[in-house]
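Colleague: One structure follows; several queries about it will come next.
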Amino acid sequence: MSKKFAHTQEELEKLSLKELENLAASMREKIIQVVSKNGGHLSSNLGAVELSIAMHLVFDAKKDPFIFDVSHQSYTHKLLSGKEEIFDTLRQINGLSGYTKPSEGDYFVAGHSSTSISLAVGACKAIALKGEKRIPVALIGDGALSAGMAYEALNELGDSKFACVILLNDNEMSISKPIGAISKYLSQAMATQFYQSFKKRIAKMLDILPDSATYMAKRFEESFKLITPGLLFEELGLEYIGPIDGHNLGEIISALKQAKAMQKPCVIHAQTIKGKGYALAEGKHAKWHGVGAFDIDSGESVKKSDAKKSATEIFSKNLLDLASKYENIVGVTAAMPSGTGLDKLIEKYPNRFWDVAIAEQHAVTSMAAMAKEGFKPFIAIYSTFLQRAYDQVIHDCAIMNLNVVFAMDRAGIVGEDGETHQGVFDLSFLAPLPNFTLLAPRDEQMMQNIMEYAYLHQGPIAFRYPRGSFILDKEFNPCEIKLGKAQWLVKNNSEIAFLGYGQGVAKAWQVLRALQEMNNNANLIDLIFAKPLDEELLCELAKKSKIWFIFSENVKIGGIESLINNFLQKYDLHVKVVSFEYEDKFIEHGKTSEVEKNLEKDVNSLLTKVLKFYH
């Protein structure tokens, strides 16, 4: 087995500093090479290479819990842990996950932000109860510190005597947001008479050196800013080391050894460069955070030239049009401005649209208050991340019956990011909520109509749309959106009906076209609304079609099948329902087309299943 990258703690300890630096350089080359082909999180991993090497050198990865927040910076850890032979399969079907997974030998699963410190605290408690001497090490980015959960954990950790190391990877991705509001409080500690007097003396001294005064003044201000995070952690009762150079292996190793020897909760503040080692990525955080395949030399994305507009781009343009038309429209995103397309609205209307960092709970409740004040909030959020604010959705929006719009991006299978990111639960957790209206567009024109309707609608409303492009284009004429009204797209006397929801309509249409080529037919309904259902249309359909196939990109439990069965029971209608929604299991990573084939949700597999009902 090749051991170019895989090293035990003992092996790393025997390497010289120069050899460790060469190892880091080789790992960067490997990461760039693989991500350029498979896509993935590039810049965050390039910025954490030395941190990961130092963790493996100072601590024992076989016994000490290594916890990677979000874990989108864990590629070096994977290489060091013996995954180099399968690293080329990163994010591929049946290959290595882009995140940490226990099934691959990691301590804990990760994919969502700000869980690492809580996990470290829990691990500390378990270790203490077992009487063991292990030390949890949590690597967390500064962006993740914008979420309240991280501070909840720090609050408890600071009041403990646990041996625990928090390695803060400060790559300035969003340090101004997690630290910004708190630094206003902390800056009061420096706004004393002594500090102000001292600052004036330094300023007078700099006047004597006119050529370097500007530079020195800037460095002076920066040096005081560096104190801010240290004060925060120390006031919480944590030991603090830093800031250190997160790319200087000697500094990092020394700091980790110092923290290890303390046998107390300690924060090491390491400053890093996101995208380190790949010039095109350095300093361009958003572009190179999560990427598809790209050409290493030019940095250009490798994608089809005939690519259609994405659903996100369509959403962004439509919301821009609506915002220019209706001045009471406001909006928010939680650290995903470019991912949700809200960046363009923040740029054009900075007083009406906000990025509140990784703070989904705050995002939802703050918009609820704006709705209470007469504004019309659009919350642009990935389906998977709305899970993080479920209580706020219920408590602050549904119970209040407020006019809040939830635009749920990345609904359905999202592909290579895998089980932590699949958007297949939103229908199940939103449908039970009183006052909520749920719908989904099948194509671009229906997206426009639905967004216009959502603005006019009274009460909380949510619509979902896929990652990437809509499959359908202009195959069907759009209809006016009316509350709880479906659209009958293909109408005939067949005893079989296809009921599609959102992107599921496209899949149903693809199967139907194949059937028609075999001289078979079926009714095709675009439900448009999951809640409320079009009971009038469905009652009419039940008179002629006795076999209904459900096409929807949600799990079966709590999905369209559940809603349809409730409707049939309500009216004592006898129809056989066959659902092609997802089974009761988490969906692994891989290209969407390959994942669907594995799940037998591709068109050919669905066609085979449907044909069994034709005689």
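The chain as shown is numbered from 1 upward.
Including glycine, each Cβ sits where the backbone N, Cα and C put it.
Straight from Swiss-Prot, here's the annotation block:
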| type | residues | note |
| --- | --- | --- |
| BINDING | H72, G111, H112, S113, G143, A144, N171, Y278, E360 | thiamine diphosphate binding site |
| BINDING | D142, N171 | Mg(2+) binding site |
Colleague: Let me check the 10 A CB neighbour count of D142 (Mg(2+) binding site). How many other CB atoms are there?
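Modeller: Its Cβ shell of radius 10 Å holds 22 other Cβ atoms.
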Colleague: Which binding-site residues (H72, H112, N171, E360) fall within 10 Å of D142 (Mg(2+) binding site) by Cα distance?
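Modeller: N171, listed in sequence order.
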Colleague: Counting Cβ neighbours within 10 Å across all chains shown, tell me which of the binding-site residues H72, H112 comes out on top.
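Modeller: Selected residue: H72.
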Colleague: Give me the largest Cα to Cα distance among H72, G111, H112, S113, G143, A144, N171, Y278, E360, the residues the record lists as binding thiamine diphosphate, in Å as a whole number.
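Modeller: Comparing all Cα pairs, the maximum is 32 Å.
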Colleague: Fewest neighbouring Cβ atoms within 10 Å: which of the binding-site residues N171, E360?
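Modeller: Relative to the other binding-site residues in N171, E360, N171 has the fewest Cβ atoms within 10 Å.
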Colleague: Across all the protein chains here, work out how many other Cβ atoms are within 10 Å of the Cβ of G143 (thiamine diphosphate binding site).
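Modeller: Neighbour count, Cβ to Cβ under the 10 Å cut-off: 26.
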